[in-house]
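Copied over from TrEMBL, here are the features:
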- 1-13: compositional bias 'Polar residues' (COMPBIAS)
- 1-45: region 'Disordered' (REGION)
- 29-39: compositional bias 'Polar residues' (COMPBIAS)
- 53-160: domain 'Homeobox protein SIX1 N-terminal SD' (DOMAIN)
Amino acid sequence: VEMESPTRSITPSCTPPPSLATLKRPDSCYSSGGETPPSTDRHCSPTFFTTDDQHVTLVCENLINAGKFDRLERFIWAVPATEKSRNAEIILIAKSYLAFRSGQFELLYELLQRRPFAKKYHRQLQYLWRTARYIEAERARGRALGSVGKYRIRRKFPLPYTIWDGECMSYCFREEAREILNAMYKRTPYPTAQEK
């Protein structure tokens, strides 16, 4: 019997977040018109559960992380439409994932610009924003984007302030971290193991 040794993988900050691993790129882009509810079943009727804010947040986060977007869509449509729930952060995030999956990029951009999101969601939402922009550019050009093309798209369509804290990134590092690393390198270009 072979035993696998446990290994710990470290992912750089510029890779997509783990919850997006199951998120598929849309094959076709539908019109970004009005939203239409999916078919509901008896388990997702609004009368079968209470809509406590913490409960809705927990269910949405778990469904997103598990990649169960069909169930997420049914759950979102089952939440009673009140002014509070319509502008709730987790509801907008869930609708953003669903808009991305269905190829409704204009709706995605509108949802991501509607209100500021908590910092813990920025990385995931930035990934959705940029990937949607790349897909649109690839479809318009009829070919895949290279690294220069992606750079130009990022410059042309910067992240909205609602999903970005305003600090610039360069080579997957924040400017503040790069300044610290450069200062340390100037002080000691070849540090010992203890200095690291």
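Just so it is clear, glycine is given a Cβ too, placed from its N, Cα and C backbone atoms.
Just so you know, TrEMBL annotations are computer predictions that nobody has curated.
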How many of the residues that make up the domain 'Homeobox protein SIX1 N-terminal SD' (53-160) does DSSP mark as helix, as strand and as coil? 83 helix, 0 strand, 25 coil
As a test of reading the model: what is the averaged pLDDT for the domain 'Homeobox protein SIX1 N-terminal SD' (53-160)? 93
